[in-house]
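For reference, TrEMBL has these:
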- 1-25: region 'Disordered' (REGION)
- 9-19: compositional bias 'Gly residues' (COMPBIAS)
- 110-132: transmembrane segment (TRANSMEM)
- 159-182: transmembrane segment (TRANSMEM)
- 272-295: transmembrane segment (TRANSMEM)
- 307-325: transmembrane segment (TRANSMEM)
- 337-356: transmembrane segment (TRANSMEM)
- 362-379: transmembrane segment (TRANSMEM)
- 399-420: transmembrane segment (TRANSMEM)
- 479-500: transmembrane segment (TRANSMEM)
- 507-526: transmembrane segment (TRANSMEM)
- 538-561: transmembrane segment (TRANSMEM)
- 568-587: transmembrane segment (TRANSMEM)
- 732-792: domain 'CBS' (DOMAIN)
Amino acid sequence: MAPRDPKDGGGAGGGGGGAADPEADIEAPLLVSSGSSFFLDPAGEDGDEERRRRRRRFLLGSYTQSNTTSQVALVGADVCPIQSLDYELIENDVFKQDWRARGRGHIVRYVALKWALCFLVGAFAAAAGFVANLGVENVAGAKFVVTSNLMLEGKHRSAFAVFLASNFALTMLAAVLTVYVAPAAAGSGIPEVKAYLNGVDAPNIFSLKTLIVKIVGCIAAVSSSLHVGKAGPLVHTGACIASILGQGGSRKYHMTCKWLRYFKNDRDRRDLVTCGSAAGIAAAFRAPVGGVLFALETVSSWWRSALLWRAFFTTAMVAVVLRALIDFCKSGKCGLFGKGGLIMFDVTADYVTYHLVDLPPVITLGVFGGILGSLYNFFLDKVLRLYNLINEKGQTYKLLLAATVTVCTSCCLFGLPWIASCKACPTDSEEACPSIGRSGNFKKFQCGMTEYNDLASLFFNTNDDTIRNLYSAGTDDEFHMSSILVFFAASYFLGIFSYGLALPSGLFVPVILTGAAYGRLVGMLIGSQSTLDHGLFAVLGSAALLGGSMRMTVSVCVVILELTNNLLMLPLVMLVLLISKVVADAFNANVYDLLVRLKGFPHLEGYAEPYMRQLSVSDVVTGPLQTFSGIEKVGHIVHVLKTTGHNGFPVVDEPPFSDSPTLYGLILRDHLLVLLRKKDFIRSCTASTLNTSKHFTHDEFAKRGSGKQDRIEDIELSAEELEMFVDLHPFTNTSPYTVLETMSLAKALILFREVGLRHLLVLPKSSKRAPVVGILTRHDFMPEHILGLHPFLFKSRWKKVRLGKLNTSIL
């Protein structure tokens, strides 16, 4: 078996692996995406070509060998080193002194600041959503007006040239900003947020550059007529805002806020990021309750009642701020197309009626929606693997890929309406026909002044306006079946090919749009057997495709209801979502789990695989264990930190400091770096009389925010200092979580995930052995690691139930 890459940041060798240069762990291995992992390859000149060859073989589907995971992943469109987050409370002497010094005033301030930060997150997320929506409406609106005016004058070639050039320029703006300024801004960002809230930390995913590029790039990408949405990027934007506010300022820019020092830990930042992700959905759809449920159902791994209240307060602030901004826009001060509606569709009849005869068409809609949703995930997986092959060739290829897709998309959007026949304007419509210089259901395109092109009405609008057109009640005769069929097929595949480019892009809105066309199509085919309006079929079609692709039920149901402002559809939406999810689950995983695995994030599921019941924790703990003594030589600490990439080290007291070898606790790498940088050493191997409260403060050991972390190479020590000693007792976590080596792996996984651990110490069954025999980290629960150690499990029955589906449908 290949040795494990120690860059967990995991344990001190308990998961396997020998000593290695930590920088080599980050930079030397190149990757092969394996769905839920990457393959480590040896460094060296001969390894480069072999790495590329193996990666190409695997991504094209011919590589099936299981291997160990390494701690690197695709963040955006780039490969980055990743570590785990420290959600556990470090109960050492410094921590206890800090909490003893906190009085009632500190507690009141801490609680008040939590609510104040939630208010700020909600307000800023609402502002970001408003700016993104307004930017898309005005930029895309100006583009469509210029194109339509040229078409009105009969200058068809000039219209196409303007349409193509503007789309190309907007796409290149988004791609250049993403590739050269903030690669972590690529994609929707939801897989990164989901991984972070599961305990995986990746560099720059919440940085200020990522936030700015996410907003600007999202406006440009969505305005370029690519079939991408802004809901996913807004979730990432809300998480970025929450993370930045929770960092307590920036030392780099001399903008530190001492009153925010309470939040310099991963636990509070995790809660704030959860509220930020909920605020993102609330800002995208003006759905505060749906935002809370989205965070609970989709992205969050840990939840509690206190967090529910704060998330709900955050999304409520989003709704209030959006309402104020929308009222401001009603005065006509928001530009060409901008009214600040943010996808608020009062589109169905005032009173929705349905009967028993309507159930068969609705059930049919749900069944085929589940099939189409699972196929959507399958095709998206294949396309993303192909895009990975192209993107790994360099930045130029990322730009060329984006340019190729946007040119093809523009040709399709401009060319397909020519195959549609013109329709006479309805005489009883309240809306102007044809609609010139604005959005609407009646685009003239190449038709006469009393006619409209129904396919152009769908293609030559922003996504929001097209969804509004499809959802509109009383429009059963406004679209040809052939036009809806063409639009559905084009939207289905353009949405797949547009995602995965090196620019901010979301899946939520394109799936809603495609589902609306699918619902309309089903309504036209079998609507004669039902009393439901075609606009209502479009709403149910969106729910069916969302359930089939994303497998969300409760949150999507509430979002759809808040989106359409009609509670009467609740039973039908629930029925469609349940049916589509059940059908799609029989084929593959939901789209966000697929993306998390494809990017290589070591995501811990909330359940244990059946084969984990057959193993104990001792079956997966391998390799030498690196420990420190309670009073350790400085030179030895420096050597271990330079030659390993481990994050946690057991501290063991030995005679004469204890009667027998005894586990004292666990100390973190970051805390050791603080001690080495402080240089409060002792000259002999004796207990220190140092008063830690006078020489150290809790702030010095607080978790730093995004940006450059401390490195052992940056600390300079003299030869004399290397021969000195340091007392680790005051800085060691004396209450780490421990399990016996006989505990089942399944039980250990539940404990590890539910508590949110980074290290889990394994103790021996017998007292005659060493006091600690290993450390379990996130890596040790990954299927590739376990099955690499125990390949016989491939032959067991569980493979057909779980792994077989994973390999054929996801990997």
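Backbone N, Cα and C define each Cβ position, glycine as well.
Summarised as a single figure, the pLDDT of the domain 'CBS' (732-792) averages 90. If one looks beyond the transmembrane segment (399-420) by at least 6 residues along the same chain, the residues whose Cβ comes under 8 Å of a Cβ in the stretch are 159-160, 163-164, 167-168, 171-172, 174-176, 179, 224-227, 387, 390-391, 445-446, 453-456, 459-460, 480, 482-483, 486, 490, 494, 497-498, 501-503. Recorded stretches compared: 159-182, 272-295, 307-325, 479-500, 538-561; the one with the most Cβ pairs under 8 Å to the transmembrane segment (507-526) is 538-561.
In terms of C-beta pairs under 8 Å, the stretch of 159-182, 362-379, 479-500 lying closest in packing to the transmembrane segment (568-587) is 362-379. Ranked by number of Cβ pairs under 8 Å to the transmembrane segment (538-561), the listed stretches 110-132, 159-182, 272-295, 307-325, 362-379 are led by 362-379. Sequence-distant contacts of the transmembrane segment (479-500) (same chain, six or more residues past either end, CB-CB distance under 8 Å): 187-188, 226-228, 372, 376, 379-380, 383-384, 387, 405, 408-409, 412-413, 416, 419-421, 423, 454-455, 458-459, 507, 510-511, 513-514, 517-518, 520-521, 524-525.
If you look at the transmembrane segment (272-295), the same-chain residues 6 or more away from its ends with a CB under 8 A from one of its CBs are 117-118, 121-122, 125-126, 128-130, 193, 196-197, 206, 230-231, 234-243, 245-246, 263, 307-308, 310-312, 314-319, 322, 342-344, 508, 552, 554-556, 558-559, 562-563.
Across the range of the domain 'CBS' (732-792), the DSSP-based residue counts are 24 helix, 12 strand, 25 coil. Between the transmembrane segment (110-132) and the stretches 159-182, 307-325, 362-379, it is 307-325 that has the most C-beta pairs under 8 angstroms.
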